[in-house]
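Asker: Quick one: the structure is below, and I'll ask about it shortly.
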């Protein structure tokens with residue numbers, strides 16, 4: 001679950017968001033980013049995706065947990081996006097269109113619901129590729145809808161712009177993405193497949209049945225047919241040689 005949250009929320013949604021932010025420019029001002037807010041937005045993306053996956057996985061096939069997980073994740077992804085926008089510093093201020101912001105939040109909720117459904121239900125290489133393509137289009141649509149809601153109002157001569165440049169995040173971003181991708185790939189390659197788990201479960205069941213059978217054979221009392229053949233019962237032990245001599 002943690003790996004899914006990191007891959008979807010971190011190296012998927014947030015990385016796409018920030019790379020798109022690096023391509024954003026406003027004429028007449030330099031754009032810098034508040035580092036703590038930028039990092040916090042990445043953790044929010046991973047946390048809300050993980051929470052949504054937990055809600056959906058515990059709900060099974062029911063619709064309400066799926067919708068609840070999609071709503072939680074969608075609102076979290078929207079919060080991540082606008083927190084990342086708040087981390088953007090420039091010589092001026094930013095305003096938003098409420099209608100377009102609401103549309104971007106709606107897109108985020110729908111996209112998150114679809115992504116959670118695909119994550120838990122879709123199997124197979126072709127279906128997974130299609131699901132990833134749909135999710136990528138939906139996340140990009142949410143991001144650029146949110147960017148379209150923004151208006152920049154410049155204030156020339158307001159002093160130097162604080163924060164780090166977007167290019168400063170590039171090397172750490174590449175290193176983190178590479179390490180996370182490698183770790184997830186190793187986890188997938190080393191984890192047992194469904195066939196392996198099923199085979200192991202069948203083997204354990206056979207061993208348990210065999211052990212139970214041997215224990216039952218050792219503890220089984222003599223059958224009535226065996227007692228009739230020997231002329232003995234459990235309450236009447238056979239006389240021994242010592243008893244016979246004593247009687248004589």
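Note that Cβ sites are derived from N, Cα and C of the backbone, with glycine treated the same way.
Remember, TrEMBL labels are computer predictions, not curated facts.
Residues or ranges marked as compositional bias 'Low complexity' by TrEMBL: 214-235. The domain 'MHYT' annotation in TrEMBL covers 1-153. If you look up TrEMBL, you'll see 210-248 marked as region 'Disordered'. Per TrEMBL, transmembrane segment is recorded for 5-24, 36-56, 63-84, 96-118, 125-149, 169-190.
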Asker: Given pairs 6 or more apart, does the transmembrane segment (96-118) have at least three Cβ pairs under 8 Å with the transmembrane segment (63-84)?
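Answerer: Contact criterion met.
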Asker: For the transmembrane segment (63-84), give me same-chain residues lying six or more residues beyond its boundaries with a C-beta closer than 8 angstroms to one of its C-beta atoms, as numbers and ranges.
Answerer: 9, 13-14, 17-18, 21, 37-38, 40-42, 44-45, 47-49, 51-56, 101, 104-105, 108-117, 139, 142-143, 146
Asker: Under 8 Å between C-beta atoms and at least six residues away from its ends: which parts of the chain pack against the transmembrane segment (169-190)?
Answerer: 3, 6-7, 10-11, 15, 18, 22, 33, 38
Asker: How does the model score the domain 'MHYT' (1-153) in terms of mean pLDDT?
Answerer: 84
